[in-house]
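Just below is one structure, and these are the notes that go with it.
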Amino acid sequence: AFELTQTPASVEAAVGGTVTINCQASESISNWLAWYQQKPGQPXKLLIYKASTLASGVSSRFKGSGSGTQFTLTISDLECADAATYYCQSTD
């Protein structure tokens with residue numbers, strides 16, 4: 001069965017720092033991957049689609065990269081407001 005594996009499970013970082021979240025697909029999905037941000041009590045927010053395309057209104061501090069089976073979300077210049085759950089999702 002198709003699976004997406006995200007690492008690390010959790011991360012701590014300082015304001016102004018950078019974090020990287022990885023997503024590995026069990027089979028190639030080309031660039032059909034999206035990244036979402038989820039905060040408690042709020043709907044999920046689309047950050048990145050097609051692996052690297054920034055969604056409308058999303059800060060350029062968020063960067064998506066990768067293709068095939070390996071993908072990365074990088075958040076730079078961290079702000080307190082970035083505290084959230086982030087997840088990847090296949091859009092194929």
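Including glycine, each Cβ sits where the backbone N, Cα and C put it.
Note: the region 'Framework-1' (1-23) comprises 0 helix, 9 strand, 14 coil (DSSP; helix = H, G, I, strand = E, B). Among the features that Swiss-Prot reports, region 'Framework-1' is placed at 1-23.
If you look up Swiss-Prot, you'll see 24-34 marked as region 'Complementarity-determining-1'. In the predicted model, the region 'Complementarity-determining-1' (24-34) has a mean pLDDT of 98.
The region 'Framework-2' annotation in Swiss-Prot covers 35-49.
Annotation source Swiss-Prot lists region 'Complementarity-determining-2' at 50-56.
Residues or ranges marked as region 'Framework-3' in Swiss-Prot: 57-88. Non-local neighbours of the region 'Framework-3' (57-88) in the same chain are 4, 6, 13-31, 33-39, 44-48, 51; each lies 6+ residues outside the stretch with a CB under 8 Å from one of its CB atoms.
Under the heading region 'Complementarity-determining-3', Swiss-Prot lists 89-92. For the region 'Complementarity-determining-3' (89-92), the DSSP-based tally of helix, strand and coil residues reads 0 helix, 2 strand, 2 coil.
Across the region 'Framework-2' (35-49), DSSP assigns 0 helix, 9 strand, 6 coil. Secondary structure of the region 'Framework-3' (57-88) per DSSP, as helix, strand and coil residue counts: 3 helix, 16 strand, 13 coil.
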